[in-house]
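Feature annotations, courtesy of TrEMBL:
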TRANSMEM  6-27  transmembrane segment
TRANSMEM  39-57  transmembrane segment
TRANSMEM  69-87  transmembrane segment
TRANSMEM  120-136  transmembrane segment
TRANSMEM  156-176  transmembrane segment
TRANSMEM  188-207  transmembrane segment
TRANSMEM  219-236  transmembrane segment
TRANSMEM  248-266  transmembrane segment
Amino acid sequence: MDSQVLVALALSLLGGLSTSIGALFVVLSETPNLKTLGLLQGFAAGLMLSISFLDLAHNAINSIGFLKGNLWFFAGVIFFAVIANFIPEPKLAPVPHLEKNKKNGDERNKDIMKKHRRQVLFSGIITAVGISLHNFPEGMAVFLGSMKGLRVGLNLALAISLHNIPEGVAVALPIYFATKSKWQAFKLATLSGFAEPLGVIVVAYLFPSSLNPEILEGLLASVGGVMAFLTLHEMLPLAIEYSGQKRAVKAVFVGMAFMSASLYFLEMSLPSEVSL
């Protein structure tokens, strides 16, 4: 394997594994209560919306045109809307009558969490898939940046590392809440970061001959559509239900602002010849 590819792989691993740092913030804390979960789900929804609209769809429109970019984006929305139609809603078993009010309240709280656990787990898995596909072109950018020089590649990898930490939170949080397993949350968030070295391998060995850039941009726009649908259909309703409408909406905009700033500083770290 070429030494440049090895260097790019090492740098992309540095960036990709930073999702593990985000996961650590989740698994080292206590299991969130409903209100905290709602706020964090709102924050994660903001991250997802920002990636979907301001990164994936925006880049596709700039690369392949307004019409084609939107067609690919809404193809992703329709595709996932059809799939979501066949996914059964979680059923809540009847709750036996309990004598004590406090105990009743505790039991109802547990039943609410149980009712949504499958839904939250599903949103976490799709979030991991979406962020993995979002990380894929970042690996390509690391490879192209490292070809400009080690310093450029290293600076870019460090910028991507900081950018990926909240993405690790967005993946690990719903998995941890749904499964109560710190290991499962940490593992899935870490695996989502491995899309970056995969991007290096693809651009190094397949891009020149096999990968059509227009189709790649279109597929990434479709991923943006899937992420937008998931966020508005699954994550945002949960955030509003658990933390209230006003708090959830504020958390969404905080997440969007955070990811937008992260994308901006990441773009600024790229050499002019390289683009995400």
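Each Cβ is built from the backbone N, Cα and C atoms, and glycine gets one as well.
A quick note: this is a predicted structure, and the numbers were derived from the prediction, not measured.
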For this session: Go through the chain and flag residues at least 6 beyond the ends of the transmembrane segment (156-176) whose CB is under 8 A from any CB in it; none is fine as an answer.
Result: 11-12, 14-16, 18-27, 31-32, 37, 40-41, 43-44, 47-48, 120-121, 123-125, 127-128, 131, 134-135, 138, 141-142, 145-146, 182, 184-186, 188-190, 192-193, 196, 255, 258-259, 262-263, 265-266, 269-270, 274
Problem set entry | the transmembrane segment (39-57) vs the transmembrane segment (120-136): 3 or more CB pairs under 8 Å | yes
For this session: Mind pulling out the one from 69-87, 120-136, 219-236, 248-266 with the most Cβ pairs under 8 angstroms to the transmembrane segment (188-207)?
Result: 120-136
Problem set entry | Contacting positions for the transmembrane segment (69-87) when only residues 6+ beyond its ends and CB under 8 Å are counted | 57, 60-63, 122, 217-219, 221-226, 228-230, 233
Problem set entry | Tertiary contacts of the transmembrane segment (6-27) (same chain, 6+ residues out, Cβ under 8 Å) | 131, 135, 138-139, 142-143, 146-147, 150, 153-154, 156-158, 160-162, 164-173, 176, 182, 185-186, 189-190, 192-197, 199-201, 204
